[in-house]
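Report on the following structure.
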């Protein structure tokens, strides 16, 4: 299935832990045959917390009894392995392809990320479009996900070759739609407008908009202050006819959990942020069921 060159001959040692070149992709999409729903997580710009939202949605769905996978195709900024506290394990192969890394003993949350393949986590992935496209195609076709209720695809910010590569390869299976992540400010919602245009041009259903960093929750009194204003995501949803899935506040407990690779949803079930994320995940899953 794979053509693995000799270590050290290509790509300046970027991926010597696993493989160096991505030549022909097998094109067999049977590895997605047991995945019930595929959801893209998009953002118009970086820094809005897209990977954080992806991680917390996955954890919320897992705690609701779903089997979840995360495909981290943010090739230049793969942060989800750290957020889930899985480190940099070796990636293994089976007859069906690459085996995802499981974050729990029950194998209810699976993850595949280019972060697992980098020998040096500080090494920049300096690739031209064709090599990125080949890597994404191989991620989509050759990961043995098994049975999943939802596969969340964490994409790079903006609209680029990577997004088109994800869509072209996933559409051979099925893409249920996209969740768009923004912060309340106009500079962020303006970029998400372009992401909405991208979805419409490529025929991707918009499942809803999430407003992240929507107020700051004080760790002492639990009051919420609107540091970055409030309501930009909800207003954008109204203007574009999209579903507003909900708001997630800035929460020091969530930030600490992400930094330490701990499960926020398990640790702080009484917090307002827990309730917000749980509600969003439930609304999202219900919309997938009725699509």
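Just so it is clear, glycine is given a Cβ too, placed from its N, Cα and C backbone atoms.
All TrEMBL annotations are machine predictions without curation.
The ATP binding site feature in TrEMBL is assigned to 44, 45, 46, 47, 48, 49, 50, 51. Look at TrEMBL and you will find 218, 221 tagged as [4Fe-4S] cluster binding site.
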Between residue 218 ([4Fe-4S] cluster binding site) and residue 46 (ATP binding site): CA-CA distance (Å): 25
Length of the line joining the Cα atoms of residue 47 (ATP binding site) and residue 221 ([4Fe-4S] cluster binding site), in Å: 27
Inter-residue C-alpha distance, residue 49 (ATP binding site) and residue 221 ([4Fe-4S] cluster binding site) (nearest angstrom): 24
When distances run from the Cα of residue 218 ([4Fe-4S] cluster binding site) to each of the binding-site residues 44, 45, 48, 50, 51, the nearest one: 48
Largest tally of Cβ atoms lying within 10 Å of a Cβ, found at which of the binding-site residues 47, 49: 49
Distance [Cα-Cα, Å, rounded] between residue 51 (ATP binding site) and residue 221 ([4Fe-4S] cluster binding site): 28
Spatial separation of residue 221 ([4Fe-4S] cluster binding site) from residue 50 (ATP binding site) - C-alpha basis, Å: 27
Cα separation, residue 48 (ATP binding site) to residue 221 ([4Fe-4S] cluster binding site) (Å, whole number): 25
Binding-site residues (48, 218, 221), the one with most neighbouring Cβ atoms at 10 Å: 48
Binding-site residues: 44, 46 - member with fewest neighbouring CB atoms within 10 Å: 46
Tertiary neighbours of residue 45 (ATP binding site) (same chain, Cβ under 8 Å, six or more apart): 157, 158, 187, 188, 191
For the ATP site built from 44, 45, 46, 47, 48, 49, 50, 51, further residues of that chain with CB within 8 A of the site's CB center: 43, 157, 181, 183, 188
